[in-house]
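Notes follow the structure.
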């Protein structure tokens, strides 16, 4: 009998195992299929008809792409995806990936002034449409009022998609369109949309999308503040530009490539002029352009005249942490503005250490014992992870928590739960000295790594260590500013170091903008506070500043291409702070480099009239893709149409970019030389003469020919050669492994057209 039971158990176990393996093998995933649309048989009336008949069954198709990309996304098994990969019309297949969000006074800090420059015309920007790919929008906010706005541009072809708590009345002459993209999320094997905290509609349940949209194009809102901080008038960079919201990111489940690509497709088809996308990364490893839907969608947009700006990522100050690397994307890093929210730590021995906070509750107003629970090497306790603190140790005290792993504000809740009454959030070495203001739920402040070490040392060496936090509210006129934010993604470019990324920096620290009514200012479920505005930091906040700037420049110069708009921003960017000193790096306190800030800090007061621009055509981008070794079929995945590479392979360094990078292999020694070419287009007065000014790095000689550029009404474009000669024995490079200089063209008047020059040595691939 026992043997019979054993035999039956074996058969049941074997059956279960086989069923599990079969189920695993047939489990569906979402894939994006790039199709050669030119191979569609004439018997099919539409591409959809062809796809559903020959590639997959209709219900399995999630998104159909036909504007910036040709193909579809579908939920199929890995085996089916592999079979389709072998179809002659399939150019590429890639699995859906999850992406992350890169999460008043800043317009004035960019050089914008009422009734002057790009704000001189009261209607500047009203003819431009900004498409915001994010978490949706909260339409009731004052920032999105359509008061005194004219009619919607006639070319607009978009819709106001309805859904949960969002109907056609939520669109107006300001929010002229809204869509949501959820099919990729709903088909996801893990996660999907949590409908208990989300709206299946364009309505924003997270806050990020509302914040970025109003940063780019929010209307003037008086008496704006966040719990009393940053009080004043809130206004976006292009306050009269129109907004089209494309919800591609979902609370708790992120953003999927298939939905992002569908939003790019819709936005360009709808008629936007600018796309703002503060999304990127995912796994920290840059994908080649032909496997990156953000790069693919952006190329399709740029090729049709749509400017695309994106965030550089928040993984700084580590080198090679910049994301969104495609040369047709304007990649934006983050800097500070001249406003701060100081909350200093005062120790019992009289030391005062700088901190920042947006805490708005009852202050401590007295000295209390301070304790560091991680002093004995207890990692979880040092990070104030959930259930890691001993209430006997922290009760009634100010607790020092190291930054990292769990959310900054969540650490304070852990402290409160254990009986602590305050928190000092200390940066680790990886965070450096970059400080972030948070709307803490208990008295708390963020201090830099060095200050944190001093506080910990004090707490461990004194018999009765005591401290308090001095909350000082809002302070303006802070110097120096801008400073490159510690978290801002840094170069070099991890895919093609010949293209300097980020392109520039813009305000991205402690930015006040509109907020959703669905969550509190911290975004934590237990935070029941409501606020019309919130203060956030991240390259997510820097990106929409450039999106709004592009809208203003597009309105002022309708004939400019996306590359010309980017060039105008880059070549006129500021290299000094409000103390008239070189930009510094917040993480180190030392002078920053183009790997940190690209071409400099956005200065719209100068960008409106740059004098010369570096334009780039679709053919130029194709030549670049050929130069980095992509085959013609691979390039077609990006460009939609068949291409042909020149017989002589181009040099990637010759893409007509506003910055210049000379790359030399480490294997070569002695005197090395490389010549690169650039073409400038005169967009200033017809008759103009520009002279070259060279700043050569140590151990490097940079020359240009001709050194004098002459423009007339008949000659609008001039090509010049830049020769970079390196003496490897005397080349001096910094910690980044590169040397930096510049080529500047000036006409003796107001036009100063500067290009960063980067000289570096790389191991050849």
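Using N, Cα and C of the backbone, Cβ positions are placed for all residues, glycine too.
As recorded in TrEMBL:
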type: ACT_SITE; residues: 134; note: active site, charge relay system
type: ACT_SITE; residues: 208; note: active site, charge relay system
type: ACT_SITE; residues: 540; note: active site, charge relay system
type: DOMAIN; residues: 30-102; note: domain 'Inhibitor I9'
type: DOMAIN; residues: 125-580; note: domain 'Peptidase S8/S53'
type: DOMAIN; residues: 370-455; note: domain 'PA'
type: DOMAIN; residues: 654-759; note: domain 'Subtilisin-like protease fibronectin type-III'
type: SIGNAL; residues: 1-20; note: signal peptide
Can you tell me how far the Cα of residue 208 (active site, charge relay system) sits from the Cα of residue 134 (active site, charge relay system), in Å?
7
Between residue 134 (active site, charge relay system) and residue 540 (active site, charge relay system), the C-alpha gap once rounded to whole angstrom
10
For the domain 'Inhibitor I9' (30-102), DSSP counts of helix, strand and coil?
23 helix, 27 strand, 23 coil
Within the domain 'Peptidase S8/S53' (125-580), what mean pLDDT does the predicted structure show?
94
Would you find the one among the active-site residues 134, 208 whose Cβ has the most company, meaning other Cβ atoms within 10 Å?
134
DSSP residue counts for the domain 'Subtilisin-like protease fibronectin type-III' (654-759), split into helix, strand and coil:
1 helix, 64 strand, 41 coil
Pull the DSSP breakdown for the domain 'PA' (370-455) and write it out as helix, strand, coil residue counts.
25 helix, 18 strand, 43 coil
